[in-house]
Structure formats: structure tokens, C-alpha cells
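> Have a look at this one.
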Ligand SMILES: C[S@@+](CC[C@H](N)C(=O)[O-])C[C@H]1O[C@@H](n2cnc3c(N)ncnc32)[C@H](O)[C@@H]1O
């Protein structure tokens, strides 16, 4: 058969546009400019700044030159600023970051739910730097150079920026970065490493996500390094998801909230900002206001961060969590604290409720703290129960899914009484929100 030559469609040359004015920040902290009636998002720019930008696939554009500085601009202190995708708002003063986050939540609530709270809460805020007690580092093995890159994803890219320091990491974790990279580069497992998680709870923990079994030689080197450190423990997460300490004697890590100790297995979810976690749990208790006769339902409970504190003031708590290891740990944490009015259930909250504890239960108050996907299904199921809870406290790490879910509650007759941000991730565009809904 005859073959016809078909030229590839020519790529449009990237257009460089001069003198655009940044009019606002979008929900991901990027400056918004308009060109030919189209909006483009430009990272590292602020409202009021005039810029030259290279237009990419809409709505992306890249900063080429900035003609002036917004009064809200500060010098970003991180040496990886502009390359690392981590702290994308560090050029904005911390107060302006918080104001921006408040505004994002307000706009999304208006857009998706036509809703505003009766009262905006003052943002819960803590240390702007060195606040992270947990981070996940990405790995890439360069076959030809036989070299491991360990760091965070670059801006708008899958590349990894090798980190020697990180100003938002708690000091003991940041101090590990250079040595850890050196150590891992010497090991056979570097070629197949999935990722590395760093935790400070209370002492540093390095969790290595393995995709192949660890060989004896690597194990010996890891043990030797661990031995030479002051209270750093290495844990291994194997390809079958089992997690175990490298040295059998390592105890489970733990953190404190409301004067109670909560243990967890490395790899389990814990709040990334320990300083603010305490304030967040306190505000959740104030808003939920558990009374001795209250039966509380908690959804997305983790290992009991809110559960134990709520149970101490209420008649009972049913805590639902999708990860069975975490559910069992929650039960152990409750026992350890001498709290007996908690029952824990492992269930997928993204599917139809089937468990009799949920379907037959009658709950006065609900607290939920879902992952970024939000809780649409869980709230739909909750609203089908014959007895609706009087009060719902929603803790969210994604303002868009929160606004969507808020609409569901508003349509079911709940009023949004309080809402406010928790500045859990300063220097980044990520937004944690808390809200309290009351049945009419
Ligand atoms: C944001 S974390 C909050 C955990 C806990 N409230 C805390 O403060 O530590 C969300 C939790 O939801 C759980 N989760 C995620 N998807 C789930 C699902 N489909 N069903 C049930 N739980 C889920 C995760 O395992 C995680 O523990």
C-alpha cells in the first residue's frame, strides 16, 4: 500500500507577551493575567505587578521578567525557591498569605454553595518556618550516573529538586537531609527506592519505602548509620506494605495532643504541623462542644487525633477510619489512655454505608476530617440516617471539595455558623479549613 508522508502539525511558537498586569491570585497562589480575553496563571507573581510572560498551553504562562514589586513581596529565603514546587507562596508576607487563604475559602464557598458563615473565625496560625514534623521525599535513580536524587518535585514538573536543606522542615529533620542523601547513595536499594518519609515524633524517623527486599549488606550499613546517630530510627516499608523498624528494639513513634499520647506506625497519617494540631483540636472541641449525654460520630478518624479528646467529654464516640491498621491503633491508643467509651470501625467511607453501627446509630454530633477528595459520599449517607445530627464540625484540607460538600449540608438545612482557616502549611498555597454547621 502506498505510504503518504504526513507532516507533524507545527507547534505554535511560544508567545512572549510584554507588560501584563497581575490582577489577582488564583486558588493555587499563582498570579492571574489576561491576554486576548483569556486568563493565564503565572507562578511567583503578585497582584499589582507588571510582568512579561511566556504563554504556554492555556491557562499556563511562565514569568519572564517582573517590572515592579508588589508592596506585599518579600525576599524568599529558601535557596530552592522558584525551582522546588514545595513553598510556592514564600514571596508573599505571611499576613498576606493568611488573608489570601481566607479569601480563597470565602470565594469558593460563595461560588459552589452561595454560602457565607455567620462568623468568620480568626485564622489559627503558628510558626511560619521549621514547622513540619512530617514530609515525603521523592526519589529518582539515574541509571547511567548511578546516582540517587532525593528531594521534592520541581514546579510544574515531575523532576526532583535535590534538597540539602529545607526551611519549613523542623530542625532535626532538616539536619538529616545532606547525610541521608549520602548514605542512600551508597546502598544497593537506592536503585529501587520508592520514596522516603521523614517524621519527628518525637525523635526523627526515616521511613524507607522499598520496592525490593533489602539485602544484608545494605541492612548492615543502615544499622551502622542509625547507631552513629543521636536517636534517629530507620523504619522499612516493604513492597507488601508491612512496616517494621530496622532494629527490633525501636518503639512505635508517638505525639501528644491534649496531654494524651497517641502512638502510630510510620506511614500512617499524622498532621504535618504539630504546633497547630493542638490548636486545631482545641477549636474543634470548642465548636463541637461535646456534652456528657452526646453520642458522637467521627469520620476519617486516623489513629484518634480528635477522638480521645472528644470522648473524654461525651457519652460515646464511634470513630470510623478506612485503614484497618490505623483503626486498631486508635483502639489501642484509647485503651492506653484509659478511655472506654470509644468504638472504632474500619470502613470505606467512599462507598455506601452497610455497617449496622452506622445505619442503626443515632448521633447528636459529627466531626469529619477527610482527605483532599472530601466527603461527598459520606455526607450523602449521613444525611440518609433517620435522625440527623444537630451539629457537624468539618475539618478540610481542600477548600474546593469542602465548598462542594458545604453546599450539600446547606441544601439539607444546615447553617454554616463558623468557618476559618488553619494556617497548617505556611509558605505554600495549601489551605486547611474548619467549619461548624448547625441543623435548623
Ligand atoms: C486528613 S486524615 C485525618 C486523620 C485524623 N483525623 C487526624 O487528624 O490525624 C484523613 C484520614 O481519612 C482516612 N481515609 C482516607 N480515605 C478514606 C476512606 N475512603 N474511607 C475511610 N477513611 C479514609 C485516611 O486513612 C486518614 O486517616
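Cβ atoms are placed via backbone N, Cα and C, with glycine included.
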> Name the one residue among 218, 220, 369 that TrEMBL lists for the same S-adenosyl-L-methionine site as 271, 300, 321.
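Looking through 218, 220, 369, the residue TrEMBL assigns to the S-adenosyl-L-methionine site is 369.
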> So of 321, 369, which of the binding-site residues has the fewest other Cβ atoms within 10 Å around its own Cβ?
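With the binding-site residues 321, 369, fewest surrounding Cβ atoms within 10 Å: 369.
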> Looking only at 271, 300, 321, 369, the residues listed as binding S-adenosyl-L-methionine, what is the longest Cα to Cα distance in Å?
15
> Need the DSSP three-state call for residue 300 (S-adenosyl-L-methionine binding site) to compare against my parser.
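Note: residue 300 (S-adenosyl-L-methionine binding site) is coil by DSSP, not helix or strand.
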> Would you pick out, from the recorded positions 271, 300, 397, the residue whose Cβ has the largest number of other Cβ atoms within 10 Å?
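The residue with the most neighbouring Cβ atoms within 10 Å is 271.
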